[in-house]
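Heads up, the thing below is written out as structure tokens.
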Amino acid sequence: MDPSQSLVSIHYAIKKETWRHTVVLSFQSLGVVYGRLSTTPLYAFGSIDPCHIKSGQQIYELFSFVFWTLTIIPLLKYAFIVFKADDNGEGGTFALYSLLCRRANVGLLPSDTSFTELMHLEEGTPSKMKAESRARRAIGRYKSSHYLLLLLALLGSCLIICDGIFTPALSVYSATSNLRRSLSKFAPRFTSSENARQSVDKYLKRFIPVPVACAILVCLFMLQRYGTNRIGVIFAPIVIVWLVFTSGFGLYNIIHHPQILWAISPTYMFRFIKKIDMTSLKLLSNIVLCIAGSEAMFADLGHFSKRSIKVTFIFLVYPALVLCYAGQAAFFSQHLGSSDDVAHLSESVTHIINCSGHLQHIFTILSLFASLVGSQATITASFSIINQCQALACFPRVKVIHTSDKVRGQVYVPDANWILMILSLSILIGFRDVSAIANATGLAVICGMLVTTCLMSLIIALQWENVAFLSVLFLLFFGSIEALYLSSCFLNFTKGAWCIVVLSLIFMTIMVSWHYGTIKKYEFDVENRVTVDWLTDLSPGLGVSRVPGIGFIHTNIVTGIPSFFSHFITNLPAFHQVLILLSFKSLPVAYIPKNERYLIGRIGHKEYKIYRCIVRYGYRDHVRDVNDFEDQIISSIGEFITREERHDELLIMQEGRMIILGTNGNALVPIVGGESCQQVTDIENQNPNHRKRKKVRFLLPESSPQMNSSVRKELEELVDARESGTAYFLGHSHLKIRKGSNLLKQFLVMAYDFLDRNCRETPIGLDIPHAALLEVGMVYTI
């Protein structure tokens, strides 16, 4: 067996996608991917203060910006260029960073020499690897570039999380503001007094938009525990109806005011730039909201396919948005100054159907549902990015629940859900202003796109190995457009945009401090590890005895014995009959196939019965929360024992030989309460509530002439040890600052220590029974 060939097959084979499958995925993507982008007409023009508009001609110029921004950023940049940089079907900031980690060797994730060598095998044999370019060697040489790329990836992740806070508040508040305007139209039916009308309108402004929006937000976040698959069933039809509804009214306005079509010419946009001033530049911070949600097209790539997302955008979402914005701009330009709410989308609908108020109320209700769809997209994106960051040691330990067995990326993070809800409610209650929330959201949107532009330019130069000219051209063209919008957003810094900066700094501090503390702990473990000779040769002199059972030693290092276990042996000279050193290692890829999940090897001689198991997972895999995890490890080690003599399947590592194995082996026969594991699985599939965990017992298969006596004896000893019980050894370490350390180091260590004490404990993340857990405390001085 060729090791490199086995590891190269780490990616799933992608079947050829049929058009029927594309249509199904395109329909589903409407409810998940395009909810945010489809609802931007609610607040893009609506967040503009009509007092800042000088003339109807300026509205034409702003629409020209909307048209070309929609064409250049979502259509050209994302659909036709960035989509090509997917990480085996996965998209988003961390997907781009993952590609750079593998191609340019710029990763800062914890690893040691042995594991780094193993990862290099996944790229192919040296003869098959391309010669390194000059740019790749330069970036790989300088450590500062590694930190810069990591900070860029973390910044993009922070902005996605911030977007998950502000977007629900903005979209729902915009919809409830439409509800208030709709209810205000009932006042003339009940009173003819102008004072009474003003009094009613005053009370509606006070008791409708914010309280109703808060109630909707609470309900929205409480629904998250049911999973995207359940609550997203009705989202696609809602988005379709919404797009047809808004584009239809937009087309009506275009027919009555066809002059708006002249604004498609870029001369209107250049005319706006030519006479730009501070007031008009601020207007662009509202226009940038028209592309809010473009990043979700790339971030949610793993849920669907490139072709389905691209087809949906090109043939439905893009033309519908252009029609909607064109009609809204046409109405806005013709009725400028008629009312304070003339810029809102609901006003153009009201004007068209002034003889029939029922459709106006239908639009109000539909906008409420559409705002929920748009909010759902950003919330689930926040869950996904937190899951990815945690997998790459860049976020504190939180509980992650996978809500779908078919779509791996659909996750629910309870801790993050309630934090997002509290922050979103705080933003809504604190600002009580659509324009202020829109200013902050616009800054988050454009900064996230700038991060993608920077990382994508490096992908073009390093991953695709094109001429540097194309990379620089991509950066300058798209970067200059986004820089223009960024400058306009910063002009509103004191009017709400400051909040996004503060929240981003808080999340960046959490991520950087956690990553720093994790790396320092790992470096301490590597420097203070002991060899297996210490355990096998010196332990008899200490009076160490072997007790029945299996001991799982959870460690971050992949060579040697962790220092906390040697500390345990020194104070309590005893360990189990079978020892398994268990390590979880994240690879900068999306998924690891189940048949290549484990790397099993032996430490020392056979009589020591010490094994090492490296569990490999991608940043979108979930391997730590499965109920049968321990059973899979035992089964994989049994498979290793039977295959160990086949030298062609072995990888030569520093400590010895290892084999790549999957979760299903046939060396041991698993039995659950007298039933085979396959029978139990069938019962659980038929009755999902039948989830009571039962201990799995292992039996040896019937005698086979292919299995020699020594292998059968070792398997019997493994089964007997499992019957005697299992225990988990975990190192519970704390960082201590060395005297004379600088202030930055002290702050990062203090922040990490605070997070480590207050986040979820490791046993919960590993699903370890508390009765089988042994924690060994240690203090690391750095």
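One-based numbering along the chain as shown.
Even glycines carry a Cβ here, placed using N, Cα and C.
Values in this document were obtained by computation on a predicted structure and should not be read as measured data.
Here TrEMBL flags 26-536 as domain 'K+ potassium transporter integral membrane'.
The domain 'K+ potassium transporter C-terminal' annotation in TrEMBL covers 554-782.
Among the features that TrEMBL reports, transmembrane segment is placed at 62-83 (among others).
Residues annotated as transmembrane segment in TrEMBL: 147-173 (among others). Beyond its flanks by at least six residues, the transmembrane segment (147-173) meets 36, 39, 42-43, 92-94, 96-97, 100, 106, 108, 209-210, 213, 216-217, 220, 292, 295, 299, 368, 370-372, 374-375, 378-379, 381-382, 385-386, 388-389, 394, 420, 423-425, 427-428, 431, 434, 437-438, 440-441, 444-445, 447-448, 451-452, 454-455, 458, 500, 503-504, 507-508, 511-512, 515 of its own chain at Cβ-Cβ distances under 8 Å.
Per TrEMBL, transmembrane segment is recorded for 207-224 (among others).
The annotation transmembrane segment is assigned in TrEMBL to 231-255 (among others). Within its own chain, the transmembrane segment (231-255) has Cβ neighbours under 8 Å at 27-32, 34-35, 38-39, 41, 223-224, 261, 316-317, 319-321, 323-328, 330-331, 345, 348-349, 352, 363, 366-367, 369-370, 373, 376, counting only residues six or more beyond its boundaries.
Look at TrEMBL and you will find 283-301 (among others) tagged as transmembrane segment. Counting residues 6+ beyond its ends, the transmembrane segment (283-301) has Cβ neighbours under 8 Å at 29, 32-38, 40-41, 43-45, 47-48, 52-53, 62, 65-66, 69-70, 73-74, 78-79, 82-83, 86, 89-93, 95, 160, 163, 167, 309, 313, 321, 325, 374, 377-378, 381, 384-385, 409, 435, 438-439, 441-443, 445-446, 448-449, 452, 484-485, 488-489, 491-492, 497 in the same chain.
Annotated transmembrane segment per TrEMBL: 313-332 (among others), in sequence order. Sequence-distant contacts of the transmembrane segment (313-332) (same chain, six or more residues past either end, CB-CB distance under 8 Å): 30, 34, 37-38, 40-41, 44-45, 56, 59-60, 62-63, 66-67, 70, 74-75, 79, 243-244, 246-247, 249-254, 256-257, 259-261, 263, 290, 297, 342-343, 345, 347-348, 351.
Annotation comment: TrEMBL describes 411-431 (among others) as transmembrane segment.
What TrEMBL records for 443-462 (among others) is transmembrane segment.
Feature annotation from TrEMBL assigns transmembrane segment to 468-486 (among others).
Here TrEMBL flags 498-516 (among others) as transmembrane segment.
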Spell out yes or no: are there three or more C-beta pairs under 8 angstroms between the transmembrane segment (468-486) and the transmembrane segment (62-83), with each pair 6 or more apart in sequence?
yes
Is the transmembrane segment (498-516) close to the transmembrane segment (62-83), in the sense of at least 3 CB pairs under 8 angstroms with a sequence gap of 6 or more?
no
